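Everything below concerns the one structure shown next.
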Amino acid sequence: MRRAERRVAGGSGSGSPLLEGRRSTESEVYDDGTNTFFWRAHTLTVLFILTCSLGYVTLLEETPQDTAYNTKRGIVASILVFLCFGVTQAKDGPFSRPHPAYWRFWLCVSVVYELFLIFILFQTVQDGRQFLKYVDPRLGVPLPERDYGGNCLIYDADNKTDPFHNIWDKLDGFVPAHFIGWYLKTLMIRDWWMCMIISVMFEFLEYSLEHQLPNFSECWWDHWIMDVLICNGLGIYCGMKTLEWLSLKTYKWQGLWNIPTYKGKMKRIAFQFTPYSWVRFEWKPASSLHRWLAVCGIILVFLLAELNTFYLKFVLWMPPEHYLVLLRLVFFVNVGGVAMREIYDFMDELKPHRKLGQQAWLVAAITVTELLIVVKYDPHTLTLSLPFYISQCWTLGSILVLTWTVWRFFLRDITMRYKETRRQKQQSHQGRAINNGDGHPGPDDDLLGTGTAEEEGSTNDSVPAEKEGASAAS
């Protein structure tokens, strides 16, 4: 059994729900506690294989006399040794399926990628671009200029053979990429409103920055119909349906060899690629100021990571179809889900000394480093001023958001406290009026009432005393 499961399942009996420390948004988990070879640590096995491999290269393989080849091979070998160490020794994250080692691997890849970005950041612009030739000799060449936007007619009457040719031209490989991307982003964020806000805001960013990057120039129907409504919207819808299924699913796990039927074994293998448990994200941005700022920060980092995809291709001279661009997207898909879960746990944690998760920390560092590379490698493009009407729109939007923030978390609270104080005072005055009206002593009559009661008490006490004296005399 993996370390994450063993930590949660400690003290629970066979087939019992793991309720200890479970949040209200977290599903119940039933686990029989099976500990198989698949889940055990293999630190000695990995160390033995690594030692044998290095020994073979050192003792039995002749070293080539090619300096460039040896340099590349040495760098790759160093990275592989680090990955072997990290996969076996790094700390587990919040996810454990299909295997904790899978997520430890991507954590180590995050470290390698961040170090690579730092190296690129400390090079000159020319050296940094030419260094990529060591990765792929086809890189390091200025990108050819392309025509974006163009004819935006949905129905082109001048084209008799195919009047809808503009639509067919837009149906390329990026259409399924948009759908799959937003489906996976929805699984990361787990909130419909946040996904739609990010989707719409990115289209506004493309409108605003098309004077800097030509590939942001698209037709209006490409922005709002094909991207937001069809590709992004359909991906978000399918993602929300998947989240609904995951939140209702029963999480009951048995060891593979404890399942008697082959059908059950195959089903258990397939479910190995589903979550071990499920936590429903309740971001509640309007509940407090720190949650509101945190959600705004998450949206900004998401948008910044999206923009970095296009700006890095532009400043590092990478064609959009290059495999490095695809590998970066695959990387963010794998690390983004872990980072979002760690951020949510960080926001939900009630301890005074909270600690941001390791993967979330690395994703934030990577996003900022990518931005710094863009700023260093092409400051001229980034400093191209926004058109006046666009800057006015962003200024107005910023003022509206700031005004709502001040009203919601400052003025509204002051107003509510003032109204509550007035309500309490009115209730107090009404209580006094009622007490004075029905004959009961009010708050101002306490002292007077007490004195009268004492006088009456002393008078009543003297009457029996006089009667007792008279009877004794007789």
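Backbone N, Cα and C atoms are what each Cβ position is placed from, and that goes for glycine too.
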What Swiss-Prot calls N-linked glycosylation site, among ASN159, ASN460, is ASN159
- Do Swiss-Prot's topology records have GLU26 and PHE410 sharing one side of the membrane? no
DSSP assigns the residues of the topological domain 'Lumenal' (335-354) as 14 helix, 0 strand, 6 coil
One finds that other Cβ atoms within 10 Å of the Cβ of ASN159 (N-linked glycosylation site) number exactly 13
Counting Cβ pairs under 8 Å that sit 6 or more residues apart, are there three or more between the transmembrane segment (292-312) and the transmembrane segment (355-375)? yes
Helix, strand and coil residue totals from DSSP for the topological domain 'Lumenal' (62-74) stand at 8 helix, 0 strand, 5 coil
Most Cβ pairs under 8 Å to the transmembrane segment (355-375), of 75-95, 105-125, 314-334, 382-402, goes to 105-125
Per the Cβ under 8 Å criterion, with at least 6 residues separating them from its ends, the topological domain 'Lumenal' (335-354) contacts 23, 93-95, 103, 106-107, 109-110, 184-185, 187-190, 279, 281, 283, 290-291, 294, 298, 360, 362-364
